[in-house]
Amino acid sequence: MRTQWVSARKGQANVSQMHYARKGVVTEEMAYVAKRENLPESLIMEEVARGRMIIPANINHTNLEPMAIGIASSCKVNANIGASPNASDAAEEVNKLKLAVKYGADTVMDLSTGGVNLDEVRTAIIGASPVPIGTVPVYQALESVHGSIEKLDEDDFLHIIEKHCQQGVDYQTIHAGLLIEHLPKVKGRITGIVSRGGGILAQWMLYHHRQNPLFTRFDDICEIFKRYDCTFSLGDSLRPGCQHDASDAAQLAELKTLGELTRRAWKHDVQVMVEGPGHVPLDQIEFNVKKQMEECNEAPFYVLGPLVTDIAPGYDHITSAIGAAMAGWHGTAMLCYVTPKEHLGLPNAEDVREGLIAYKIAAHAADIARHRPGARDRDDELSRARYAFDWNKQFELSLDPERAKEYHDETLPADIYKQAEFCSMCGPKHCPMQTKITDEDLEGLQKVLESQGAAELASVKLDKAE
């Protein structure tokens, strides 16, 4: 799709969407996003220029269908996939990608950590993906030195970061906000550092007794990113890993640094979103969202969950979707899904499906709560189909049509039941939706009430349905 769009930009010093937006140029990607979001092109350009919206669109990812992440657009969902040293391969990861896209993932992150040729897996995923692809480059940086922190130097990080850009990665999680002076603040936590990338950087600083190289070389990374239009996803290395650790001094100290880095990236016209927690009690979610907006000048917020309780391994797609819906309502721009396997193992295809549907529900609920134009239209259409007993229309409008039809057909599989005015819950005689109250019914009832003349009945006003 984008081959012709980007051909004229290649070789320019800065090809970022923010750079063009700040020059008053509406790119083809901005125009495409405007149609997808049903928003004016001028608003898209203004939001990208301001930094409140990003369009992750590496110029080397030419089969990408551009999308937007930001407060003015619909709430988005990311799905994580990736091979580990103990499970999966390239073909399985591409299948997970296709499944994630099928069930509505707006972006996908490849979190492969080893066991396969990481470049081969990443290239295959990007080549098959119509949605933006994100990565965490420190994983491959460590793998490139065979897991030896002592052998890992600053240039290794930058080499891998540029390689990912060259391969077409649209956004990269860069753990530049974790500073060496933040590490003592972790001491009082129950779960310490739960970010894999953050853990790698913490080990590096503790071994070398030097500042985080992603922080000290941040401007160099900006120079790389703007040549490819790769977007920062500023990683929250000190995100809380349990309810006890939420909103603590370590998390908030790093968040302040992430705000500073956001403004530094913007000076280079490089797009930024900021990652957030994690594990957060319900009553602290609004605070976390508002604090990020304050510290990071309203750069799009991208949260993992958050999980609102820690006692449900095997069901953390539910514990986190609860928090995700609330985070989206308060202004989070993108939700990173959590699968039932969280804290337990590498998710398989069915786990990807379960996690994604839970998060599409959360994002959609947030859009309704934020009164985004048209957000409830599909709900209303499905409700009309439900009231009319139009089963096939209900399946069609469902987030997961296959699952909806499967559950219906478990007890009433014959085609004739697709015209039935009941399901197996109430049966043919007790479904309340069979009770249809017409205008004629209301007029007749009104006459009866008036004829009885009782004070309490005479005061009843019956409103006809419009």
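Cβ coordinates are placed from backbone N, Cα and C, and glycine is handled just like the others.
Worth saying up front: this structure is predicted, and the values here are computed from it rather than measured.
The following features are taken from Swiss-Prot:
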BINDING   Asn80, Met109, Tyr139, His175, Ser195, Arg196, Gly197, Asp236, Ser237, Leu238, Arg239, Glu275, Tyr302  substrate binding site
BINDING   His279, His343  Zn(2+) binding site
BINDING   Cys423, Cys426, Cys431  [4Fe-4S] cluster binding site
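Positions of the features from Swiss-Prot, shown on the structure.
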{"residue": "Asn80", "record": "substrate binding site", "DSSP (3 states)": "strand"}
{"residue": "Tyr139", "record": "substrate binding site", "DSSP (3 states)": "helix"}
{"residue": "Ser195", "record": "substrate binding site", "DSSP (3 states)": "coil"}
{"residue": "Ser237", "record": "substrate binding site", "DSSP (3 states)": "coil"}
{"residue": "His279", "record": "Zn(2+) binding site", "DSSP (3 states)": "strand"}
{"residue": "Tyr302", "record": "substrate binding site", "DSSP (3 states)": "strand"}
{"residue": "Cys423", "record": "[4Fe-4S] cluster binding site", "DSSP (3 states)": "coil"}
{"residue": "Cys431", "record": "[4Fe-4S] cluster binding site", "DSSP (3 states)": "coil"}
Distance between Gly197 (substrate binding site) and His343 (Zn(2+) binding site) at the Cα atoms, whole Å?
16
Which of these binding-site residues has the least crowded Cβ, counting other Cβ atoms within 10 Å: Tyr139, Tyr302?
Tyr139
Express the distance between the Cα positions of Ser195 (substrate binding site) and His279 (Zn(2+) binding site) as a whole number of Å.
12
If you count other C-beta atoms within 10 angstroms, which of the binding-site residues Ser195, Ser237 is the most crowded?
Ser237
Chain-internal residues, separated by at least six, CB under 8 A from Cys423 ([4Fe-4S] cluster binding site):
His408, Thr411, Leu412, Cys431
Spatially, which candidate from the binding-site residues His279, His343, Cys426 is nearest to Arg239 (substrate binding site), comparing Cα atoms?
His279
To which of the binding-site residues Arg239, His279, His343 does the lowest count of other Cβ atoms within 10 Å belong?
His343
Around the [4Fe-4S] cluster site formed by Cys423, Cys426, Cys431, list the extra residues of the same chain whose Cβ is within 8 Å of the site's Cβ centroid.
Phe422, Ser424, Met425, Gly427, Pro428, His430, Met433
Out of Cys426, Cys431, which of the binding-site residues has the smallest number of neighbouring Cβ atoms within 10 Å?
Cys426
For Cys426 ([4Fe-4S] cluster binding site) and Asn80 (substrate binding site), what Cα-Cα distance in Å is obtained after rounding to a whole number?
40
At a 10 Å cut-off from the C-beta of Asn80 (substrate binding site), count the other C-beta atoms across all protein chains.
23
Starting from the Cβ of Gly197 (substrate binding site), draw a 10 Å sphere and report how many other Cβ atoms land inside it.
23
Any idea what the Cα distance is from His343 (Zn(2+) binding site) over to Asn80 (substrate binding site), rounded to a whole Å?
14
Cα of Tyr302 (substrate binding site) to Cα of His279 (Zn(2+) binding site): how many Å, rounded?
14
